[in-house]
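Undergrad: Handing you a structure now.
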Amino acid sequence: ELLKDYKQGDKVIQLRLEEGKELEYCLDPKTKELPPLRNPDILVGENDLTALSYLHEPAVLHNLKVRFIDSKLIYTYCGNHSPLLHHHGIFYIMGNVDAHILVINMFLCFRDERNQSIIVSGESGAGKTVSAKYAMRYFATVSGSASEANVEEKVLASNPIMESIGNAKTTRNDNSSRFGKYIEIGFDKRYRIIGANMRTYLLEKSRVVFQAEEERNYHIFYQLCASAALPEFKTLRLGNANYFHYTKQGGSPVIDGIDDAKEMVHTRQACSLLGINDSHQMGIFRILAGILHLGNVGFTSRDADSCTIPHKHEPLTIFCDLMGVEYQEMSHWLCHRKLATASETYIKPISKLQAINARDALAKHIYAKLFNWIVDHVNKALHSTVKQHSFIGVLDIYGFETFEINSFEQFCINYANEKLQQQFNMHVFKLEQEEYMKEQIPWTLIDFYDNQPCINLIEAKLGILDLLDEECKMPKGSDDSWAQKLYNTHLKKCALFEKPRMSNKAFIIQHFADKVEYQCEGFLEKNKDTVYEEQIKVLKSSKFKMLSELFQDEEKALSPTSATPSGRTLLSRTAVKPAKARPGQASKEHKKTVGHQFRNSLHLLMETLNATTPHYVRCIKPNDFKFPFTFDEKRAVQQLRACGVLETIRISAAGFPSRWTYQEFFSRYRVLMKQKDVLSDRKQTCKNLLEKLILDKDKYQFGKTKIFFRAGQVAYLEKIRADKLRVACIRIQKTIRGWLMRKKYLRMRKAAITIQRYVRGYQARCYAKFLRRTRAAILIQKFQRMYVVRKRYHLMRAATIVLQSLLRGYIARNKYQRMLREHKAIIIQKHVRGWLARVRYRRSLKAIVYLQCCYRRMMAKRELKKLKIEARSVERYKKLNIGMENKIMQLQRKVDEQVNAPRVNGQKSLIILGSQDASCSHFGIIYLVTETMEKKLVEETKQLELDLNDERLRYQNLLNEFSRLEERYEDLKDEVNLMVVSGLKDSKIMCCLWTRQELESENKKLKNELNELQKALLEKSSPEVTAPGAPAYRVLLDQLTSVSEELDVRKEEVLILRSQRLVSVWDINAKCLAQILLGFCRLLESQLQSQKKSHDNELEALRGEMQSLKEENNRQQQLLAQNLQLPPEARIEASLQHEITRLTNENLDLMEQLEKQDKTVRKLKKQLKVFAKKIGELEVGQMENISPGQIIDEPIRPVNIPRKEKDFQGMLEYKKDDEPKLVKNLILDLKPRGVAVNLIPGLPAYILFMCVRHADYLNDDQKVRSLLTSTINGIKKVLKKRGDDFETVSFWLSNTCRFLHCLKQYSGEEGFMKHNTPRQNEHCLTNFDLAEYRQVLSDLAIQIYQQLVRVLENILQPMIVSGMLEHETIQGVSGVKPPGLRKRTSSIADEGTYTLDSIIRQLNTFHSVMCQHGMDPELIKQVVKQTFYITGAVTLNNLLLRKDMCSWSKGMQIRYNVSQLEEWLRDKNLMNSGAKETLEPLIQAAQLLQVKKKTDEDAEAICSMCNALTTAQIVKVLNLYTPVNEFEERVSISFIRTIQMRLRDRKDSPQLLMDAKHIFPVTFPFNPSSLALETIQIPASLGLAFISRV
């Protein structure tokens, strides 16, 4: 309603909507049109749209919305002539009865004697098919049948059959009719059904071979696939719908809520009801199955213009078996066609695309024939021999369509709608005229839209269809030439024809509903709808009788003017393209186009409709989402315009749309009349009233029975009536309200007086009652309080007496017990003190005796050791060899005597010479055996190295698996903690704890396996020389045994000293015992010094002897080499040289023994210093306990006072509580970038080791174990949190290795102390052997290394293929790409692509980061080797998978890229890292692309050159080799077979691709640090102020 009166010139109107919302409506400044007026409330929701006072689009849309949404009414009338139907909401108009689909059916059955027609139209999914079914069901139910044949059941049974073969799922409708149909239901004189006949229009055959996304083929195909398991369908060899090409293209084979198997049962029942027997049904299903198998037939291109079908192709075999045709003929004519000229006939092969199109055309043709056959049999079943009196026709036809891409189908559909709209307009105009003539009111011609110009544009001479047929007859007609003819003929000559601006292959037609743009592509082919006659001939010759029946009498069936016996016009036929023209009328009729046939059938339909009384059902789709009672206004307006409803309303509004009978008008507007105006003649009364109210007589007309109003007059009358009623209402309300208020006041006054009287009496009675209760309560309280006080006094007196008696008894008993305990304690103390004195005495005596025994045993072992050394000394060997030298001299002398002897003793000299020859041959054999053993030793060493690498790789893989399980264990542990904190149920906690125990047991098993592997590695890595049983092994074992015995002795001494120190604290004679211990320590020190001097002397002597023996050995070797060239007489001296060599080796073994002993001496010396320091501290403690008098009496002895060292010892001290803070600041929160730039490399490792040194110095094993465990766990947490950051992983790999090297360097083992300075040797660990923790750290380093390799791989993976293969590093080499291959790269790299420079820059980044972090050079080499392996493997794998990369130019590019990588290795001094060898397969692949590949010599060269490639890789590269210019040739098949023959004996892996995930086993060579620990400073930035240097 208006909130403010409108004045001329206002730009804004203030409005209030129905829901109460206020709105400012801005007027158009140009047109200044006011908004359309609203109908009065009485007309809102009106049953008939033409009854509205204001007829315009907003009023019509609002009325439909109110009826549909608010009233839930789905039918609405639109005048006396045009019922309108809305699916999920259906609209009708007819009479005073409320609109419904059955009303029009009831009305039709009782109309005059004329034939009737119901025209149902609308969009897809709007409900056309359902409405037609309702109408047919109504006729069948109400009318019944004239005979006992149940014709009405047959009529209804035709619906399931036609829906299964003619309906399909689309994006708009799950059961969309893809053809038009007109069903004539015949009646006799008593209006009983006697039969029916069906005509079909424009079947959508293209759906058989193609479906859009989310759509399906016709239902019958999916019903067949769903019923494939039935026994009778086994011969059809069907399967799932996703198996067939014709049913899986839409990707939606199932409809929600629909069971295709059940629908198949209904279809078969309907066929049986209509007289289609089981044999014909199986024939139908057989043909349909053949169509599905035909869609799976595939073609193989032989060249651009020919194709072939594979031999014994299974889908084609099944198709031929089902259709009863020859496989060879069908296979031949699917790939060929026959061309006929004036004189000859040619058979021409066709391309793959043409063959696919021909296959699809054949499938469509067969389905169309089958569809026509089924329609014929349905009509035969519904045909009646009884004479038909009248009929009612139901036309279910498609509505106006417009899509993004519109083709020939939409053109024909819209052409049909133009014809129907013209007939509709003429019918509406005629009915309107009849209404005015019946009421005898003046009639003026109404102007309405006539679409005859649009119809002439389509079907007139030289119209669109005429030009299309003409172009189809042209030999070289095409869509483009037809479009040009359309432009030349109609453009700028017809206002309804337009050309799109941006296209030369489309045209626009202005239809009655909207402009539609049609794409010319495919118009000619769809209009011709041709199929090759040779294929039809093959089908005609089929042994399958039903199939041959489909193609009989084709010329008769194809005649557009001749009808079938049932009167059905065939519209969905397919023209067959003959090999050559056939004379006569048959050939002419045979070439009728689809457009021509459709035009003829449409004319026949119009004649039928014009001969009947038409009734229209317009179906409107309320929304596109299939939601019930959801109204989309935009979609509704579009459909109202498209179906012509608004045009109908406009025609009605142009005359007198509002019509009232005289009685209705009098009853409604009686309130506007006075009593004197009411006459007995109602007509005259209405005339008098209208003359007073409406002055303009043109606004209304008086008919015979009705009053006709122009638009808006009923609203004006309603306004006058509402004003009159409003004034009357106000007067009535005023009087009634005054009377009601006076009556209410009197009633309220009387009630108030009565209430006051009763309330005051009640209050007085309550007050008197209160006074009486108060006096009684006071008396009761007095006596109750007296009783309570008296009772309390008696209880307290009795309790006090009882407590006094109990307390006095308790005190007396305690006093007695205390006296008794004191007496017994004195007796116990006496006996215990005596026992302690005796125990202390026995312990002291036992310790002294044990100390004496240990000392004596040590001296005895030392003497035994000296004797053993003397037994193995050089002098002893010299004494043993004195006899050997004498024997040699005797032999020499005998030889001289034999030489000087006369020749008479020839026999003796021959015997002697024979013995000499035997000795010479013996030495030669020894030499050969020696060489053989050396070679065997080298081979076994190599084999052991390979086995060691394999075991190391297996060990590292197990370690990786162990780390993964450990992480899983940690995660489960965290989950268990969370579950406990959150208070979960006990069952879940027990389950998690059980999982934890299971993981712990699994971890223990893995640890045992790791220990076994370590032992196996140690056994395998030991050289053969040190095997058990060898002499050197025995010497080392003896030395190790002696050293371990000495260590046991020292440990025992330390234990004794510790026990004695503890005893001396509590012993009375502590002073004497301390003196004894000091004396003993001095004695030990003096003995060690003397022993060291003797060892030094012996060492010097042995070194001199060793040097002399070396010189002698060299001299003897030279003599032996010379003697081998001498004659046999002089070779006896070689035996002497051999003995000397053996003695030299023994001397070397003795020398190693001396070094071992020297090491033991150093260790014992360090331990002695520690013990001396502890004893000194004990002395200081004892001196503090001695009185000053005792100190004076004691003789003063010289004491060595150690001077305090100012230099630091290279240790860091921290408190036990500060350990978590140390791990957090040094490991968890440390940023690698700052440490790498500002601090020395490996600083965290040095700090941790210095803390370990201090814990070792304190001999605190718990602190050492806790620190090492926390360190390892902290490093794992950092890597788990930031494991994808290369700098973090590299930083902690470097520090872990440095920490491991520090543990080795300062472990005290001789093998790790060779490169230490004397100061560094003093910093070695003294108390603990951390070999087990070194193994744990080594395992951790392996895990970090593997994680580093994964991070490298993730970073380099995207760069490798682009940089190594695709990017053209050398511009212009690639030249022209081979034909058919897409050019993937350009000479200039696009933005975002990677080049070789990108890879080299990334390698420089990796190398610089590792160097900054101080990583070991050997470890850097292993990382670089692994990186190059990944690069080569990924590049080679992609080369083997891409044909466009296998060319000579690409091989040159790869060789250049590899040379750049080698240049990078040379710049970084990494050529000896083994990285270049990992690129060898890639290099050989590039060489293989560049070498000649023609002759046998080339094959031999390739086999010898490509030793790093497998046979499969070589053959793959040769097969993929593609020439890029005319100077190259493809590799012949014979050459590839020659390569395979030459390589058949090679034993290599059959795998084609390299394993890019392979990781080489990593080793950590010992790398000692020259940095002194005492010089390391801790930066303040690390936040380690709680640590102090020691």
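The backbone N, Cα and C atoms fix where each Cβ goes, glycine too.
Just lifted these from TrEMBL, have a look:
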- 44-722: domain 'Myosin motor' (DOMAIN)
- GLY122, GLU123, SER124, GLY125, ALA126, GLY127, LYS128, THR129: ATP binding site (BINDING)
- 558-593: region 'Disordered' (REGION)
- 559-572: compositional bias 'Polar residues' (COMPBIAS)
- 602-624: region 'Actin-binding' (REGION)
- 874-901: coiled coil (COILED)
- 941-1019: coiled coil (COILED)
- 1085-1174: coiled coil (COILED)
- 1269-1545: domain 'Dilute' (DOMAIN)
Undergrad: Which of GLY122, GLY125, GLY127 has the fewest nearby Cβ atoms, counting only those within 10 Å, among these binding-site residues?
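TA: Counting other Cβ atoms within 10 Å of each of the binding-site residues GLY122, GLY125, GLY127, the minimum falls on GLY125.
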Undergrad: Work through the binding-site residues one by one (ALA126, LYS128, THR129) and point out the residue whose CB has the fewest other CB atoms within 10 angstroms.
TA: THR129
Undergrad: Have a look around GLU123 (ATP binding site) and count the other CB atoms within 10 A of its CB, chains all included.
TA: 24
Undergrad: When secondary structure is assigned with DSSP, how many helix, strand and coil residues does the region 'Actin-binding' (602-624) contain?
TA: 9 helix, 7 strand, 7 coil
Undergrad: As a test of reading the model: what is the averaged pLDDT for the coiled coil (941-1019)?
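TA: Mean per-residue confidence for the coiled coil (941-1019): 60 out of 100.
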